[in-house]
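Engineer: Below: one structure in structure tokens.
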Ligand SMILES: NC(=O)C1=CN([C@@H]2O[C@H](COP(=O)(O)OP(=O)(O)OC[C@H]3O[C@@H](n4cnc5c(N)ncnc54)[C@H](O)[C@@H]3O)[C@@H](O)[C@H]2O)C=CC1
Ligand SMILES: CC(=O)C(C)=O
């Protein structure tokens with residue numbers, strides 16, 4: 001609770017972790033702009049939120065394009081009146097040995113996972129500065145941004161970059177009452193990990209499903225993470241109880257990586 005009357009934007013919220021975050025922030029009392037590059041996913045989640053009695057708009061857009069992101073933020077401000085919480089959740093994974101990664105692999109990955117996070121922050125901060133009442137920037141990093149995974153090297157690099165952006169932005173934006181933090185999930189049971197398992201199992205010479213089991217087997221709390229586990233922590237980052245926290249990239253992973 002504690003974010004009644006606030007407006008949150010959540011990217012990549014048409015499924016998975018982003019969907020859970022959008023629903024949780026709505027349950028906490030926020031009105032929500034639901035972004036996804038897949039319009040039908042964004043609209044379905046916006047509809048779920050409206051059914052819970054909150055205002056919601058679907059804002060389908062590719063957040064790796066800067067002009068598109070600024071256009072999306074203008075629409076959110078028009079439709080919902082303001083922006084208080086920006087959750088840059090959209091991201092993609094990529095499984096490949098670093099020796100084989102090409103520029104065609106790197107460009108979309110960095111454009112979404114790094115540039116997209118920066119553009120959403122820029123557009124949200126411009127709106128927050130107009131409002132003059134601070135705000136919360138919340139970015140999706142990963143345990144892979146604290147300790148890189150083999151075969152996820154390029155992806156890990158993007159998440160290290162998110163942690164760097166989070167730290168620098170926290171220093172730059174504190175003067176405006178804007179906090180900047182990241183959440184760092186572990187092994188979350190979403191479509192993303194299904195795709196990771198498929199390719200990673202191949203590289204590791206394992207049967208389908210075995211790569212997920214291998215990593216999940218190392219989780220001290222003994223189960224794969226759920227999107228709702230992540231959303232519960234993002235709820236804290238979005239609310240007033242985290243007002244004195246900034247520049248942090250906090251692991252929420254069942255104890256797999258300890259920092
Ligand atoms: N699943 C996991 O185990 C972990 C995920 N994460 C991070 O959490 C975030 C969410 O992950 P998941 O929900 O698992 O992923 P997912 O692949 O299930 O969902 C990602 C969503 O982002 C959307 N999307 C993709 N490209 C987009 C674009 N250009 N613009 C707007 N939306 C776009 C997709 O359509 C999809 O709905 C990502 O940043 C991911 O790197 C971090 C640690 C672990
Ligand atoms: C997808 C991801 O970030 C991990 C650590 O699995």
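Using N, Cα and C of the backbone, Cβ positions are placed for all residues, glycine too.
Look at TrEMBL and you will find 155 tagged as active site, proton acceptor. If you look up TrEMBL, you'll see 36, 62, 63, 89, 155, 159, 185, 186, 187, 188, 189, 190 marked as NAD(+) binding site.
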Engineer: Among 155, 185, 189, the recorded positions in the record, which have a C-beta under 6 A from ligand 1?
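Structural biologist: Near the molecule: 185.
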Engineer: Among the binding-site residues listed here, 63, 187, which has the most company in the form of other Cβ atoms within 10 Å of its Cβ?
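Structural biologist: When each Cβ's neighbours within 10 Å are tallied, 63 leads.
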Engineer: In the structure shown, with every protein chain counted, which of the binding-site residues 185, 189 has the densest set of Cβ atoms within 10 angstroms of its Cβ?
Structural biologist: 185
Engineer: May I ask for the distance between residue 185 (NAD(+) binding site) and the residue listed as 'active site, proton acceptor', taken between their Cα atoms and rounded to an integer number of Å?
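Structural biologist: Rounded to the nearest whole number, the Cα-Cα distance is 14 Å.
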Engineer: Taking the Cβ of each of the recorded positions and counting other Cβ atoms inside 10 Å, which one has the highest number: 36, 155?
Structural biologist: 36
Engineer: How far apart, in angstrom, are the most distant Cα atoms among the NAD(+)-binding residues 36, 62, 63, 89, 155, 159, 185, 186, 187, 188, 189, 190?
Structural biologist: 25
Engineer: How far is it from residue 63 (NAD(+) binding site) to residue 155 (active site, proton acceptor), counting Cα to Cα, in Å?
Structural biologist: 17
